[in-house]
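**Q** I have a structure I would like to understand better, so I am pasting it below and will then ask my questions one at a time.
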Amino acid sequence: MTAILERRESESLWGRFCNWITSTENRLYIGWFGVLMIPTLLTATSVFIIAFIAAPPVDIDGIREPVSGSLLYGNNIVSGAIIPTSAAIGLHFYPIWEAASVDEWLYNGGPYELIVLHFLLGVACYMGREWELSFRLGMRPWIAVAYSAPVAAATAVFLIYPIGQGSFSDGMPLGISGTFNFMIVFQAEHNILMHPFHMLGVAGVFGGSLFSAMHGSLVTSSLIRETTENESANEGYRFGQEEETYNIVAAHGYFGRLIFQYASFNNSRSLHFFLAAWPVVGIWFTALGISTMAFNLNGFNFNQSVVDSQGRVINTWADIINRANLGMEVMHERNAHNFPLDLAAIEAPATNG
C-alpha cells in the first residue's frame with residue numbers, strides 16, 4: 001500500500017493531466033479531441049455573437065459596396081447574418097495579422113473566415129470525441145459515423161463550395177435570411193432541385209422524419225401496461241430495468257396487417273440500424289451533391305426537351321423551373337454583374353447603319 005501511494009505522489013503533472021482528460025468518470029467527457037474542440041468552438045461562438053451584434057458592413061462582392069449584417073447596423077434576428085469574406089480576398093487565408101488594421105479586416109469580412117474555420121475544426125473534433133468516448137466505454141463506433149452526415153454537410157457549404165467557386169464570398173452567410181439567400185442563389189446557378197443527390201437527401205430527411213414518427217407512435221401504442229388509469233404511462237418505466245417496456249410482437253403484428261407482413265421489422269436491432277442509416281445516407285449524398293456542384297457539375301437540364309412536329313417548344317416543368325432560375329440569377333448580385341452568364345450574349349448584336 002505504501003509503494004502505491006508513493007507512486008501516485010510521484011506521478012508527473014502531465015500524467016495526472018492525461019488521466020483526467022481521458023477519464024470516463026468526469027461529468028462531461030473531455031478526451032484528446034476535446035482539448036482541441038473546446039477552444040475552437042468557444043472561439044467560433046464568441047466571435048459569432050460579437051460580430052452578429054456589432055460587426056460593421058462588409059464589402060462582400062469586392063466592389064466597394066458594403067453590406068450590413070449586424071444588429072447594431074439596422075438588422076433584426078431574421079435579417080441579420082455574418083457576411084462572408086469579401087470576393088477581393090478570394091480563398092486567401094485572412095487572419096487579423098494579414099490585414100493592415102482591424103478596420104480593414106472587418107471591412108473585408110475577416111470574422112466569417114475565422115468563425116467558419118474554427119467551427120469546422122470544432123465539429124470535426126466533436127465527432128472524434130464521440131468516437132473516443134465510445135471506444136473508452138467499449139461501445140461500437142456508429143454514433144460518430146452518424147454525426148459525420150451533418151459534419152459533411154457543413155463542410156460542403158462552408159468550405160468545399162467556396163473552394164470550387166474560388167472565393168469565400170460564395171460561402172453560406174451565417175444567418176437565417178442569409179441561409180435562404182444562399183439556397184435561392186444555389187438553385188439559380190446550379191439547378192440543385194434537379195440533382196439526384198439532392199433528391200436522395202430530401203428522401204433521407206423527410207423519410208427519416210416519417211420513420212421516426214412511425215416508430216415512436218408504434219412503441220407508444222404498444223407499451224406494456226404497468227400503471228393504473230389514474231397514472232401516467234411513463235411511470236411504468238424504471239431506468240435500467242431489464243424487462244421490455246413495449247411489446248414488439250404486437251407492434252410488428254399491427255404494422256404487418258396495416259401495410260403487409262414484410263414491411264414490418266421483426267428484429268429490433270435491424271430496425272434501429274435502418275432508422276439511423278436512412279437519414280444519414282441521404283445527407284451524405286446531399287453533401288456529395290453540393291461538393292460536385294461546387295465545381296459546376298450541376299443538376300439535370302431538361303430545358304426545351306419537348307417540341308411539336310413544327311419544332312415549336314412545348315414547355316414542361318423543367319422550362320418553368322429554368323425561367324425561375326433565370327429570374328433569381330438576374331436579381332442576385334445585381335450591382336456586380338450587368339447580366340448573369342446565362343443571359344449574356346456570346347456576340348454583340350449586329351446594328352444597321
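Cβ coordinates come from backbone N, Cα and C, glycine included.
Since the structure is predicted, the reported quantities are computational estimates derived from the model, not experimental observations.
So Swiss-Prot lists these for the protein:
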MOD_RES   T2  phosphothreonine
MOD_RES   T2  N-acetylthreonine
BINDING   H118  chlorophyll a ChlzD1 binding site
BINDING   Y126  pheophytin a binding site
SITE      H190  site 'Stabilizes free radical intermediate'
BINDING   H215, S264, F265  quinone binding site
BINDING   H215, H272  Fe cation binding site
**Q** Of H118, Y126, H215, F265, H272, which is closest to H190 (site 'Stabilizes free radical intermediate') if I measure between C-alpha atoms? They're all binding-site residues.
**A** H118
**Q** Let me make sure I understand the structure: which of the binding-site residues listed (H118, H272) has the fewest other Cβ atoms within 10 A of its Cβ?
**A** H272
**Q** Near the Cβ of the residue listed as 'pheophytin a binding site', how many other Cβ atoms are there if near means within 10 Å?
**A** 19
**Q** Determine, for the quinone site, the additional residues of the same chain whose CB lies within 8 Å of the mean position of the CB atoms of H215, S264, F265; present them in sequence order.
**A** M214, L218, A251, H252, F255, L271
**Q** Including all protein chains shown, what's the count of other C-beta atoms within 10 A of the C-beta of H215 (quinone binding site)?
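**A** A 10 Å sphere around the Cβ of H215 (quinone binding site) contains 17 other Cβ atoms.
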**Q** Would you count the other C-beta atoms found within 10 angstroms of the C-beta of F265 (quinone binding site) for me?
**A** 19
**Q** Looking at the binding-site residues listed here (H118, H215, S264, F265, H272), whose Cα lies nearest to that of Y126 (pheophytin a binding site)?
**A** H118
**Q** Within 10 Å of the residue listed as 'chlorophyll a ChlzD1 binding site' by C-alpha distance: pick out those among the binding-site residues H215, S264, F265, H272, and say none if nothing qualifies.
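**A** Final answer: none.
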**Q** By the DSSP assignment reduced to helix, strand and coil, which category contains F265 (quinone binding site)?
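**A** For F265 (quinone binding site) - judged by DSSP and reduced to three states - the answer is coil.
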**Q** Give the sequence-ordered list of residues that share a chain with S264 (quinone binding site), lie 6 or more positions from it, and have CB atoms under 8 Å from its CB.
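**A** A251, H252, G253, F255, G256 - these are the non-local Cβ neighbours of S264 (quinone binding site), listed in sequence order.
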**Q** Looking only at H215, S264, F265, the residues listed as binding quinone, what is the longest Cα to Cα distance in Å?
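**A** Those residues reach a largest Cα separation of 11 Å.
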